[in-house]
Amino acid sequence: RERWTGASGTLDIQFADQKQEFNKRPTKIGRRSLSRSISQSSTDSYGSAASYTDSSDDETSPRDKQQKNSKGNGDFCIKNIKQADFGRREIEIAEQEMPALMALRKRAQGEKPLAGAKVVGCTHITAQTAVLMETLSALGAQCRWAACNIYSTQNEVAAALAEGGFSVFAWKGESEDDFWWCIDRCVNLEGWQPNMILDDGGDLTHWIYKKYPNMFKKIKGIVEESVTGVHRLYQLSKAGKLCVPAMNVNDSVTKQKFDNLYCCRESILDGLKRTTDVMFGGKQVVVCGYGEVGKGCCAALKAMGSIVYVTEIDPICALQACMDGFRLVKLSEVIRQVDIVITCTGNKNVVVREYLDRMKNGCIVCNMGHSNTEIDVASLRTPELTWERVRSQVDHVIWPDGKRIVLLAEGRLLNLSCSTVPTFVLSITATTQALALIELYNAPEGRYKQDVYLLPKKMDEYVASLHLPTFDAHLTELSDEQAKYLGLNKNGPFKPNYYR
């Protein structure tokens with residue numbers, strides 16, 4: 001145990017061999033003792049996404065359990081239906097920070113723009129997604145849902161959704177086999193045919209193409225929100241294989257400039273802190289990629305006093321990094337000296353085995369990009385390396401000479417796997433997704449061809465305006481003369497369609 005005096009400022013640290021002598025001393029007024037040792041507090045295991053998520057010691061696979069909700073419905077597969085009350089409270093907290101979705105629900109009391117819609121979804125299953133799903137339901141849609149990430153599901157939220165009558169197939173810590181099984185259970189139900197897809201990462205779309213291509217005859221459109229998923233859609237479109245219209249939510253301004261930037265700016269520190277208790281001040285960090293996600297990560301780390309390097313392939317983003325005061329480097333130049341490596345490129349094999357071999361002892365390696373392809377984790381699963389699970393989503397990978405790196409979430413998305421993300425920012429993205437579904441579902445025949453579309457700017461601006469009342473923010477209105485001078489409609493859109 002360590003003790004320090006309050007007033008005098010002198011510090012006594014006692015080691016094992018001084019124990020007897022130390023205990024004989026009278027405790028002075030002003031001394032206080034730490035209730036637990038530093039080493040103990042830093043190795044305590046934290047529940048990663050929310051406090052109840054990891055509390056179940058039950059090792060039975062949810063696939064082997066028969067569970068029913070209070071109404072006797074069992075069309076779901078989750079960890080533990082008994083956690084529904086905890087999940088309901090989480091959802092109620094999220095509702096406070098998602099004003100636009102709540103506003104859509106109010107409007108939906110009169111009209112139901114998604115009446116008859118059968119939405120199959122594959123996203124992160126968190127309290128924020130639950131607010132979106134319940135909003136879609138209020139707008140008239142039927143929903144079936146699976147998780148797009150094996151670590152990001154909040155078990156208690158999945159329980160609350162199942163209790164509320166939603167068909168949810170997801171739990172935290174699914175295996176790769178579970179992941180595809182859940183997606184299949186979502187899609188493949190006798191007598192139920194989806195007519196809309198809401199995807200995050202493109203796995204659900206990929207699965208339907210692979211297993212049930214005939215379903216696309218009834219599907220009116222796909223809404224996709226990640227860089228990876230959108231990339232896959234453009235590939236399909238280019239190859240002439242995209243057989244329904246798709247809405248690229250990722251590149252709408254309300255996603256790029258908000259979710260990618262501000263969400264990552266706040267959650268990067270949270271994910272690192274919860275998993276490693278790392279001190280950021282003075283640490284050398286390399287951030288791979290200076291898109292919106294990279295910008296958010298760099299801003300947060302710089303503000304905490306870290307020394308930040310950036311790698312980039314695009315000269316424009318590279319110049320932005322330089323202007324923002326970051327050293328632009330190649331990964332090979334700094335890999336031996338950095339304390340933390342963060343990938344956010346959306347690419348693959350950014351950190352390969354050669355770089356992992358050259359890292360210094362204790363280097364923390366993690367990924368903030370959507371896909372788990374950025375760090376070559378497969379190359380670390382070789383006989384000469386030892387894997388040691390430290391706590392949930394934290395592994396030490398140990399080399400024969402004793403060097404170790406700290407790998408977070410096995411290279412998957414750090415913030416959603418190891419921490420939570422700010423609800424308000426997700427409200428912006430979720431509202432954009434809901435409006436994209438409404439737009440595609442209600443579009444007259446022929447308005448959208450079999451291609452990938454961006455949401456109109458007018459819709460982006462509408463989403464933003466729904467969030468302004470939260471800040472008691474007051475927009476200035478153009479006079480007729482000013483509007484004419486700028487060549488704009490007084491009510492918008494205020495930016496051209498190509499604006500990014």
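Yeah, the Cβs are placed from backbone N, Cα and C, and that goes for glycine too.
Unlike curated records, TrEMBL annotations are generated automatically.
Taken from TrEMBL as is:
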type     : residues                                                       : note
REGION   : 1-75                                                           : region 'Disordered'
COMPBIAS : 25-34                                                          : compositional bias 'Basic residues'
COMPBIAS : 35-45                                                          : compositional bias 'Low complexity'
BINDING  : Thr126, Asp200, Glu225, Lys255, Asp259                         : substrate binding site
DOMAIN   : 260-421                                                        : domain 'S-adenosyl-L-homocysteine hydrolase NAD binding'
BINDING  : Gly291, Glu292, Val293, Gly294, Lys295, Gly296, Glu312, Asn415 : NAD(+) binding site
Nearest of the binding-site residues (Thr126, Asp200, Glu225, Lys255, Asp259) to Lys295 (NAD(+) binding site) - Cα to Cα: Asp259
Listed binding-site residues (Gly291, Gly294, Gly296), ranked by Cβ neighbours within 10 Å, top entry: Gly294
Least Cβ-crowded entry, counting other Cβ within 10 Å, from the binding-site residues listed as Lys255, Asp259, Val293, Glu312, Asn415: Glu312
Whole-number Å value of the largest CA-CA distance among Thr126, Asp200, Glu225, Lys255, Asp259, listed as substrate-binding: 18
Cα-Cα distance maximum in Å, computed over every pair in Gly291, Glu292, Val293, Gly294, Lys295, Gly296, Glu312, Asn415 that the record assigns to NAD(+): 22
Reported mean pLDDT - the domain 'S-adenosyl-L-homocysteine hydrolase NAD binding' (260-421): 95
Spatial separation of Asp259 (substrate binding site) from Val293 (NAD(+) binding site) - C-alpha basis, Å: 9
Same-chain residues at least 6 apart in sequence whose Cβ lies under 8 Å from Glu225 (substrate binding site): Thr123, Asp199, Asp200, Val249, Asn250, Lys255, Thr429, Thr432, Gln433
